[in-house]
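Q: Relevant sequence annotations retrieved from TrEMBL are reproduced here:
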- 91-143: domain 'PAC' (DOMAIN)
- 550-607: domain 'Cyclic nucleotide-binding' (DOMAIN)
- 217-236: transmembrane segment (TRANSMEM)
- 346-370: transmembrane segment (TRANSMEM)
- 418-438: transmembrane segment (TRANSMEM)
- 450-471: transmembrane segment (TRANSMEM)
């Protein structure tokens, strides 16, 4: 059941995503604070448009924007900018810089240090705003020789054209965006994100779909869904009016719980197509409205309250109650989450048994409805002696009686007896082991029985075929273990291996299997990418790396490269690792246990690594 995923919930660094999302309308650079001259490591599209440089041109240049300095750039401001970087401070400046086409532009430059989880400055965030419109006209090469009036006229003309381009349709929208930008990028603000790995955070009033509360709630919804799937067909078929206050209150509570579930689903995260956890409230609402909202809404309407009124027609009452069966569609949505808490085989086995029981229950309700419809001919008001209900009434000694004063038929089996008999017939039909003591007699009953047998054969084959597969999976490792032992025994017997050596072989196989539990480590590692495989190998060999002096000064890269080449072997008592005269093709480290070095049948050394 791959659908019950938690999503990508491992700690991850979302600094860049947060900065881009919060400052989509601004221009900024990110510089490395731990390398000389603070090289640029990221430039957003806004800065590229503002400066005229391509991203590739800006990368690895200094974050002080020294590549944009020119003749009119103030030297004192340049010195202040550099001192701000040297001291890892927050500051802001008005500085004149040059675009790629050497056009001078006034910028409002803000510098903010970004810290990691250890409160160490690792990045600089530099934001830029074009404030040329608010400064005096810049005297560059193209304007030299102009009169003051001409320069002023040009500046006013340019300002007017630029302002016309930037004038928005909605003034309140600009105020909102500007205030949002100032709030997020204000220097020294606590809301600047840190550059560190952290678990994905959810907004307020948003529930993680894998938290303990939501898991418990899903189990409650699953149980109530089964309750609805059982009671609704029974009430519709046996025409039970909910006059009992206790049952009416219980069903009303169920309706309220399903209504609360709708509210919770509007505030519950879900796993996106890429495996990420979606926590944006707007996306959550849109996803729920497009998928399960209509079905959930129909399923939680208070149909039972309508049934409680005496003057409601039975047909309308049954129609309203039958609409609650749409809650059964929730089974698939909730069941997809069960594999996160149960083994695959156990979850499927439980669900298959429940499905089989539910189908038998529904068919039993339909089977009774057919008999109840045909047992009394409403046109002639006579009993149909060939109906299975009439035959059942005779067999158990509760026959139907005609009340001449009221003009109706009375008596017959009780509802409990009718339901048990109906369920008995459908179960024997679905399992293809019917005894014939309850048999269809009318044409409608025979047609329904044929359809039920066809459905039953498919359902029986599907369910019990899956049961066989599940049990095979459960005992797959055990079967593989015994098969391997039998093959080894046959091999030793075929080639007449000496008894002592045979015992050593069997001891090695049994002890190795008990340590690995039949798991093929190489096969598992081959699935993982190279970087993850190295991390796993370092973890598996951590005892050697931590305790052996040969690896104390080794770098992480060296340990990762060595760990991938390590192989763990298990030696049974009496095994020989190397014989005298053999070529040594590997270097061995003792992780646990002890070894003897024997020369001329004498023990000359003992190597051990035993717990103290």
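Including glycine, each Cβ sits where the backbone N, Cα and C put it.
No curator has checked TrEMBL annotations; they are predicted automatically.
Would you situate these features in the structure and describe their surroundings?
A: With helix defined as DSSP H, G or I and strand as E or B, the domain 'PAC' (91-143) counts 6 helix, 30 strand, 17 coil.
Outside the transmembrane segment (346-370) by six or more residues, the chain places 1, 226, 229-230, 233-234, 236-238, 328, 335, 338-339, 389, 418-419, 422-423, 425-427, 429-430, 444-445, 448, 452, 455, 459, 463, 466-467, 470 with a CB less than 8 A from a CB of the stretch.
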Q: Report, as numbers and ranges, which residues of the same chain sit near the transmembrane segment (450-471): CB under 8 Å and 6 or more residues beyond its ends.
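A: Those are 345, 348-349, 352-353, 355-356, 359, 363, 367, 426, 429-432, in sequence order.
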Q: By DSSP, how many residues in the domain 'Cyclic nucleotide-binding' (550-607) are helix, how many strand, and how many coil?
A: 12 helix, 13 strand, 33 coil
Q: Just to confirm my parser: what is the rounded mean pLDDT across the domain 'Cyclic nucleotide-binding' (550-607)?
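A: Residues in the domain 'Cyclic nucleotide-binding' (550-607) carry a mean pLDDT of 85 in this prediction.
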